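Engineer: What follows is a single structure, and I will ask about it in a moment.
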């Protein structure tokens, strides 16, 4: 009876490794399949188009199309929603943010032949970087393009910028510095501004404004790109339906008006802007909350406005789509066309006459192409003006040629891509597309015959088909054929580059579930095997334990549903770990005993926590450690020298400790004499090398520079070599060495000790300075957990079989400790970047999941992620939102009461914006009346303010606002636009690091009229630094630190003018006799 | 043995709890609305000042061993227990991730004093240094859940036999005192409430109440109140059952 039982056990034991590997394989397969469906990949081809590419197709289509415009001005307004530009009559309901860009609407209504509003449909992912890439390459970038390293996003694919440079066009860029990242050396002249700080609504925009108009008057560029970020940032912080957003849009309206005026004034024949095209466009849309990244219609729909000073002939109407026309606010008809953002790159390339980017898969957009009058210049370049053609036919001919080249270029890309890429397209789809192409090309020659019979020399065709309808219908069918080919391929590309493969993802997920459940089954089986003896005890004591562990795991899993918790993952894991420790302390306290290991565990938890926080603070605010951190408190207490020397020596001391422990470990664990001594000496050597390496890096020990260099470069190599050698020797020893008669357990122990010793120096070297600290904590925690487990087992009086049985709480603890250690090593920074990228992607997944109705709720949860990502960076501004909400509710009440009097809602809103929130309802009503009277003069006044180039825009606007106020006074209305109350009740709470000077006038605090300057800063040269106040925590302290520690002065201009501009000044101007500026007394007493 | 333990009726328990709550409300009224959010340290200090004498006095009155221990001695025990409990609570909070900057020190000290009043001081007043009683109270979390299950089942008039079959680990005839309930249930409630109250802190809602001691204080006070309600419920049902048994 006993013999078969032992036999069975032995066979089972032999089967374990096999099962283990099966599960491992199943796991990896599942992960591979899932990521294969989830992480869309596209191979970037590093091939470029050239000016002398020949298509090899008969006339008209053999070379790149001729240029149609000379100069191009591209104004990119980041996150420009479609309804920012289109008139509100196109939508069901008028929203406060609509109709703010009046210039564009007016132009589109008045100059129908030369101005047009487009609804541009972007492709997900709708983030700025990917969109800029798409706009210039004409492709469909995914998040992880093969060949793209995370660090340097510079574009390797062929793109318009590259082509422009290659073809001698000069490009000027101003605004968002993402352009510089993407195109480091493509611009003749560039004025980049940091786009990183979401809080800052003005820096980038003001920078662009400073350079835009002066540049427009210059003649040293061919393409000008101005990228404004204000709307995007306003959306991220305040949402679309907010005052800052409306202010931004109004500001843009003003800028665009100036731009258009300038262009108009310089567009007379012979002037520099005679043949210029202006494009005002958004790179993507945004949701009402200001999020973008996903594929919802709000995010995808952006707008493009095209205008050229010279208008094409009236025949352009037959090209332009007349389907979606509507009457705008002023009773004029406005038409809107739709285009794909994908088509942008190739259309621009066709207009500028440069080779199309190699990887572009767009189609030359007929409407945008037709808008430029250059494309209507009666075939000056073409050789085949054989029969008299009317404007339209000539244009169609030219467009057909462009499309022909376009199709050829796309076909060339398809061929190369499917030949070289890692994951190509499906063959049947490819065949279909190729078939479409060959059919279209076959037609081309017959179309040529019909349009230009003189070339073929046969007069019959002319006779048969002399009528214009015949010619144009042939051309039309040809255009259709090309369009069909291009559209089909775009569809195919979209399906494989922007849509998740739900099938693969599903298979991956179900495989994962399968493998996890197999594992669970095996574990349960194992448990029952070993616990047969004390079944009832297990069931009674392990149930609460199991429940507790399960709760911890469930909480951790649930925390992944919120982005805030994902970003605070280290802290969440630490919190849960601490909870489990406290619970176990509690548990042992009820039994009336005190376990030292648990106390040590608790203290270690504190260490881990501070370590994680230290890493996070390092990452958030750069070199500045927040004042509240224990490390900085210690530093403040003991002085900086002590602190520095501690920082320098601490890693080396802890390294010595780690080395001691490991050596002790080996000497106990290993018995083979030769191997033991070799490995011990090897690890001692490598630890010494590491110590020398760190010591030479620090400033604490002085070395000659040359020696330092040698040590720094040599030490890591030596460490790695020793590690590899000892690993190889222990493996060889295992294979060929004398066979020892140790037990299984002992062999495993000695083997793992050897592994540990040979790996540990390498790992420590790679981890860097905090490595030994982490290792120490790791070892102590492991010791604690193992000790606790041993005690636990002793209590339950388990035999050796119980080794298999794991306490669920301890297992959970191990995993939580692992997470904490990961964050302790500080490698979370790289992960965080990846997470943020993926979060936007998950939103994308949501759109796909929407198709699966039962999963819709999960999708909703996932959709919350990107919104959180954006708000993440906001650590300042704590009360802003509350104050804002309060303000909004107040505003809503007022609007309601005015509307109930019979005024339109939008006018009520305008009045509140003008007169301030605290103006009484009567004042508001008066102001509406006054505006109606003043209406015409008001709008005429706008153009009075000719800009002088040096004046910044904010100031100009202020002047303008003052002007309008004066006007209202003149018209005798009782309203006075005093926008703010002066009782200090309106102060906006903003957690700025210093006392706020200038907010909430007249304040209860005595105004600062004198101060003491440091000696170096006293007297000339005087400096005066100014910037917006809304900066993240610590920025102003940093700035002030660099400016002799002069206290910044926070001033809000709303106390002396109508515009609210929160500014900060740091200067060393004498202020001895400065008197505080007092606001004008309120005049609105009726 | 039974006669030397103070017996507290359900009304007595309700009165004790009402006194404790009145201390909280008085402090709340005195500090004004929203004071906890705008100036947490000040508001917490007020709460401690109002609550401390009440809690110490009330629980000293119902001390476990009135024969050997005078009222004054119980008060002194409570006063000694206050800083010790505060230390324990502060240590727990820091382990769980409470910030330790200079900015937060006063708030943390006041908060831990308040937590000590909720958890440690009542037990210190009533039990003194009696180890068995302390263990009894500490392990109440289990008995409270057990008795909760029992109550629920009894409300649904499930047979005792079936209860014993389904939940074999419920010890049915453990003698528990009303005072034990009065101390342990609110204390457990306060700790669990504070633990739960820490959860909104990392969220990005950008509200002022997400700062360190504020939401945790809200959570602990809420948990304390709920714990009081539960303890009353337990006492009432227990009395009723005892009476039924006696009949």
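Numbering starts at 1 and runs along the chain as displayed.
From the backbone N, Cα and C atoms, a Cβ is placed for every residue, glycine too.
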Engineer: Under TrEMBL, the annotation transmembrane segment belongs to which of these stretches: A:590-610, A:674-694, A:779-799?
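Structural biologist: Checking TrEMBL against the ranges A:590-610, A:674-694, A:779-799, the transmembrane segment one is A:674-694.
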Engineer: Of A:714-736, A:806-828, A:829-851, which range does TrEMBL call transmembrane segment?
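Structural biologist: In TrEMBL, residues A:714-736 carry the label transmembrane segment.
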Engineer: Which stretch does TrEMBL mark as transmembrane segment, out of A:548-567, A:568-587, A:748-767?
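Structural biologist: Comparing A:548-567, A:568-587, A:748-767 with TrEMBL, transmembrane segment matches A:748-767.
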Engineer: Between A:631-662, A:855-886, A:887-918, A:919-950, I'd like to know which one TrEMBL lists as transmembrane segment.
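Structural biologist: In TrEMBL, residues A:631-662 carry the label transmembrane segment.
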Engineer: Region 'Disordered' per TrEMBL sits at which of A:463-493, A:494-524, A:959-989, A:990-1020?
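Structural biologist: From TrEMBL, the annotated region 'Disordered' range turns out to be A:959-989.
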Engineer: Can you check how the pLDDT averages out over the domain 'SAM-dependent MTase DRM-type' (A:1009-1086)?
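Structural biologist: In the predicted model, the domain 'SAM-dependent MTase DRM-type' (A:1009-1086) has a mean pLDDT of 69.
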